[in-house]
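So the structure is just underneath, and the comments pick up after that.
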Amino acid sequence: MQNIHIFDTTLRDGEQSPGVNLNQLEKLEIAKQLERFGVNVMEAGFPASSHGDFEGVRTIARTVRNASIAGLSRATKSDIDTSWEALKEAEAPRLHLFIATSPIHMTYKLKKSPEQVTQLAVDMVRYAKTKFPQIEWSAEDASRSDLDFLVQIIEKVIDAGATVINLPDTVGYATPAEYGRMFRYVKDNVRNIHKAILSAHCHDDLGLAIANSLAAIENGATQVEGTINGIGERAGNAALEEFAVALGIRRDQFPFSTGLNLKEIKRTSDLVRKLTGMPIAPNKAVIGQNAFAHESGIHQDGVLKHPQTYEIINPSMVGIESNELVLGKHSGRHAFKEKIEKLGFSLTEEKSEEAFRQFKSLTDRKKEVTDEDLFTILTDIQTAVSDVKKYELLAYQVQSGSINLPTATVALTTPEGLRAETARTGKGPVEALYNTLEALIKEEIHLTRYQLSSVGQGRDALAEVHVKMTVNGMPVSGRGSSQDVLEASAKAFLNAVNRVFYGQTAKVLQTANS
Ligand SMILES: CC(=O)SCCNC(=O)CCNC(=O)[C@H](O)C(C)(C)COP(=O)(O)OP(=O)(O)OC[C@H]1O[C@@H](n2cnc3c(N)ncnc32)[C@H](O)[C@@H]1OP(=O)(O)O
Ligand SMILES: CC(C)C(=O)C(=O)O
């Protein structure tokens, strides 16, 4: 059976989703989970785009050992040099070099003729080959490019040393038949194509990203690129979990295998959702909340009689188990540590102790502590930046009702280590709380998005808040969780503000300052 290489770009194209900005610890946590999921290549970022991205890529290159690490680069020597500096310590570094090949991109964006683009592509692949063992070359906007021009330029970049040829549907314009035809044409007409792997990279503007990826592998592609939860520019990229499950369920139609461990899908998806703050539609295929729910009587009757009447995917295939009850009030450190490992976390002694403290405090307030609760606590602790000065919540109180004006009182420590407290009113309890926090933090803050969701089900579910805001004009996001909605809201607010004080938001800082 033909094996398909999986190239994950959650940390690069996925991070290009509007409003998503991951710090280094968050990127690293996702990278480690992608490694567990079994991707062959992970694109860790675009090193030349900012200092923060450079550091993020370098950290991942130094840490992840079981996947090739790629970095995106324009066709310029300085982008290539920066990428090499970020990637050189990876086990299997890969440069992802791109340049657009469609008439519209060459004429209006690059302002170059096809001959100039060809020369630049060849020169830069040759230059990159002096550093990188693996070069993936992408013909940006391939699906709107002239096929014979594609054939010519691909032959030349392979001769120059490219080992992977990626043909992206950059703007999600292609239909499956067209996209498949392009791969067939390239496969049949590029003289030296046997020296390279052909790769598909699809966007979902017309909702065809998975259909197009499948058409590509039916026509010669042996690598597929995509992101977890389908996040990415505009309507997003091909969702890798959907692609993997489509192959798993319809092997009769698609006789291809991957090295992915499908049981890691749920965890990978949860982690990406949590850290990016990108919500998942309940009806999203494979990982949406309703993907395995049956509401109507006739369906329920069928499923009770024989699950496969209405259920083509067994939830356990993607790591969704029935909500397991875990550890309680009387559990000790040994059982807790074993549980941490089972959930896939590897914490330092200090972080493990902090997790145990938070777990114990939760068992005082919550009847049932589930795996989902623990996953939330552990993710927050694992990605918390502990060694920087920041704002910390000491205490808060909010009074709210239909008669009095909602009023919040907050006490916090400032990055200088001082205690500050004040009170403000608002139209509702969250606004009162945020007005108070704004009054305490001497920066110009504008909240642009507030999103509240619950982790798990039931009256005592944890609240999770994601916010987006600008701090002194810089866009930044934050998240917080707690059993108390207001505490989760305050934590999310401070988490966003604290990112500004930590170097990992360099990408955001640079963009805003430029
Ligand atoms: C399809 C894709 O997803 S491609 C990847 C897109 N991702 C991103 O853009 C995210 C990161 N980008 C960034 O941080 C910034 O755009 C940077 C740092 C890379 C560049 O910033 P700036 O130098 O300010 O340039 P800006 O983004 O405004 O314009 C891009 C320039 O690169 C050129 N360019 C675009 N693609 C390429 C390429 N593949 N090779 C060489 N040059 C290119 C453009 O023509 C333009 O050049 P010009 O200034 O001579 O007109
Ligand atoms: C850089 C390339 C591969 C890309 O992201 C696209 O064309 O969508």
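Counting starts with 1 at the first residue shown.
Backbone N, Cα and C define each Cβ position, glycine as well.
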Same-site Mn(2+) binder from Asp13, Asp53, Asp373, Asp380, given that TrEMBL records His201, His203, Asn237: Asp13
Same-chain residues at least 6 apart in sequence whose Cβ lies under 8 Å from His201 (Mn(2+) binding site): Phe7, Thr9, Ser138, Asn166, Leu167, Pro168, Asp169, Thr170, Glu225, Gly226, Asn237, Ala238
Number of other Cβ atoms within 10 Å of the Cβ of Asn237 (Mn(2+) binding site) across all protein chains: 31
Near-site residues: Mn(2+), ref Asp13, His201, His203, Asn237, CB cutoff 8 A to centroid: Thr9, Pro168, Thr170, Cys202, Ala209, Glu225, Gly226, Thr227, Gly232, Glu233, Gly236, Ala238
Long-range Cβ environment of His203 (Mn(2+) binding site), under 8 Å and at least 6 residues apart: Pro168, Asp169, Thr170, Val171, Gly172, Ala209, Gly232, Glu233, Arg234, Ala235, Gly236, Asn237, Ala238
Neighbour count (Cβ, 10 Å) for Asp13 (Mn(2+) binding site): 23
Counts of helix, strand and coil residues, the region 'Regulatory domain' (392-514), according to DSSP: 39 helix, 52 strand, 32 coil
Average model confidence [pLDDT] within the domain 'Pyruvate carboxyltransferase' (4-266): 97
